[in-house]
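One structure below.
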Amino acid sequence: MKMTVDFEECLKDSPRFRAALEEVEGDVAELELKLDKLVKLCIAMIDTGKAFCVANKQFMNGIRDLAQYSSNDAVVETSLTKFSDSLQEMINFHTILFDQTQRSIKAQLQNFVKEDLRKFKDAKKQFEKVSEEKENALVKNAQVQRNKQHEVEEAANILTATRKCFRHIALDYVLQINVLQSKRRSEILKSMLSFMYAHLAFFHQGYDLFSELGPYMKDLGAQLDRLVVDAAKEKREMEQKHSTIQQKDFSSDDSKLEYNVDAANGIVMEGYLFKRASNAFKTWNRRWFSIQNNQLVYQKKFKDSPTVVVEDLRLCTVKHCEDIERRFCFEVVSPTKSCMLQADSEKLRQAWIKAVQTSIATAYREKGDESEKLDKKSSPSTGSLDSGNESKEKLLKGESALQRVQCIPGNTSCCDCGLADPRWASINLGITLCIECSGIHRSLGVHFSKVRSLTLDTWEPELLKLMCELGNDVINRVYEAKLEKMGVKKPQPGQRQEKEAYIRAKYVERKFVDKYSALLSPSEQEKRIISKSCEDQRLSHARASVHTPVKSNDSGIQQCSEDGRESLPSTVSANSLYEPEGERQESSVFLDSKHLNPGLQLYRASYEKNLPKMAEALAHGADVNWANSDENQATPLIQAVLGGSLVTCEFLLQNGANVNQRDVQGRGPLHHATVLGHTGQVCLFLKRGANQHATDEEGKDPLSIAVEAANADIVTLLRLARMNEEMRESEGLYGQPGDETYQDIFRDFSQMASNNPEKLNRFQQDSQKF
């Protein structure tokens, strides 16, 4: 340490010492002014940056509004949406930069000024005070008369004590000066280095973002050239069509008599009809009617949602009405109601009656139930009913979930009664159900079965992957293991009371599960597992290919295997050193189920990503929050994190796993996912209410761990979740459930973790580079 004030001169209290003190004190005063000024400028810069981010967000909202307005133009909508999302990501990077600037410059330098400079000032005051006391003692000692021996001794004693106190305080003051002079260099350089690293991360993230966007921008430039050519071509075609229509003869209404049961848009016939109201006045109103997808619907205005008159034409009849005063009337009669309609002419009436009759005959010949596909809304066509973008998106989501789940073995029929084409599912069991069985499952309570529609509800990607990992065949092998032995027959469709009794016995009482017996202790099971793994190592691969489904990883669905189950790639974790004590086996090796503890089975299967074994363990009464005392009180959910499987975590959470249960080191699932860099799992746990403020035995919370690891994605998720939590607390009980930006970003991360996990490997790739 380089001393700026000499201790020897301090003891002498020489003029050189006083001059050095004066120089140092002036330098410290000037340093304080400079630091105060820098902190104020930093605060102003941060405030200006936050205002910039707010204005930029408003600008992004304007771009999104323009994209929504251009929803009919796929190129414009896609481009604007992609650009706004990228710019929104840059705003998030700016927000992180300003936060790091506040911590590196403002917080550190303010702490230096308030703590270290304050100690210097306190030491200075004490030094000045004792210096004054020393001067007074010297003067008093010099003034005392020699003949007054008592006063001479008293003055000498006071002078000695004062000198001793002065030397002590002066040495402390010099030490404080030297420490301050040395520390200020490290504090200033440390804060500036942290500030520069924040900028480095900011520009690195921006470079990565726009590197991905660059090829798309080049393609868009090429599309713009083609758009100019296509626009000129469309203009010429419209001019030709305009001339053709002007020359057409409109004297005949034969075009209104046409109907087509095989129309591509699903509309058999459409046109205006008068409809008699069902009120007391029996008024007649003119409405636009159409026959489509085995339904008769009408609407008043183009933007109105269509009203369904007949939900299923197979249940109705059509007939002429000659007993009323108005002409050209006909009636559509269903089991619950009838509808009186009037055409504009006799030809139109006959055409409508024939169209309805033909649609009824066609509906009986069709095998599929086409009515559910439109969800009571029509397909868009020129001059037809408007289904709306929202219904189309919902339809696509429903069809996608239905098709992907039903391709799993056994899922084409109800898991409990065998009725074909089930449209409901139990997400914690991983099975498909008919509508009647789904109602019975719902009555059991969510702790037994969580029911969701395969066509009406929106499915998260991780939940859809979970359904594709299980299926009716897998679950029934567990919950119906003793069905034939007990001589019990499954209920048939339509038997409500028999179904209810059977489902309650199957899932609540678990009567048909092959119970375990002669359970071993966890430590004994561990020994047998290891010994059995050595014996069966030669056959483990063959058994796994027959009995064990493809292991899931923190990645997306790649392809459908031969049995219809969605196959996921199996990778070795890059953090293989971060495992509980004891060597892990590469494939699942279990004891005979008759001697296996369900809790340990669930624990091991969670690490091995073996969902069928996990479901079997839960069926045999395994506690989903079971803690392994031999491995630091780790839980199955923590094991799922160590195994790197997003789907396994989702399965445990759906079955009641505690997302905040911690091991002996004070680390919960969120801690472990952060340490391992599993971004998808971090996103999942935050959505399920994980406490990110919890600290482990080292006093570290997940955010501090992510910051130390420089994992930008996880840091972003944790800080957004924390900001959203603070916003909700500030808004009180009636606040919004979450910021829109927060929800959008978490939705994007969920989609990325399930479908494009390679994009979340930026942290590991960057670590390998350095």
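Here, residue 1 is simply the first one shown, and the rest follow in order.
In case you wondered, yes, glycine gets a Cβ from its N, Cα and C as well.
Swiss-Prot tags one of the stretches 542-572, 728-758 as region 'Disordered', and that stretch is 542-572.
Between the listed residues Ser86, Ser413, Ser523, Ser576, Swiss-Prot assigns phosphoserine to Ser576, with no corresponding entry for the rest in that record.
Ser384 is the residue among Ser186, Ser251, Ser371, Ser384 that Swiss-Prot labels phosphoserine.
Given the ranges 414-437, 462-485, 702-725, the record in Swiss-Prot names 414-437 as zinc finger. This prediction places the mean pLDDT of the repeat 'ANK 2' (665-694) at 91. For the repeat 'ANK 3' (698-727), the DSSP counts in helix, strand and coil order read 24 helix, 0 strand, 6 coil. Applying DSSP to the zinc finger (414-437) sorts its residues as follows: 3 helix, 7 strand, 14 coil.
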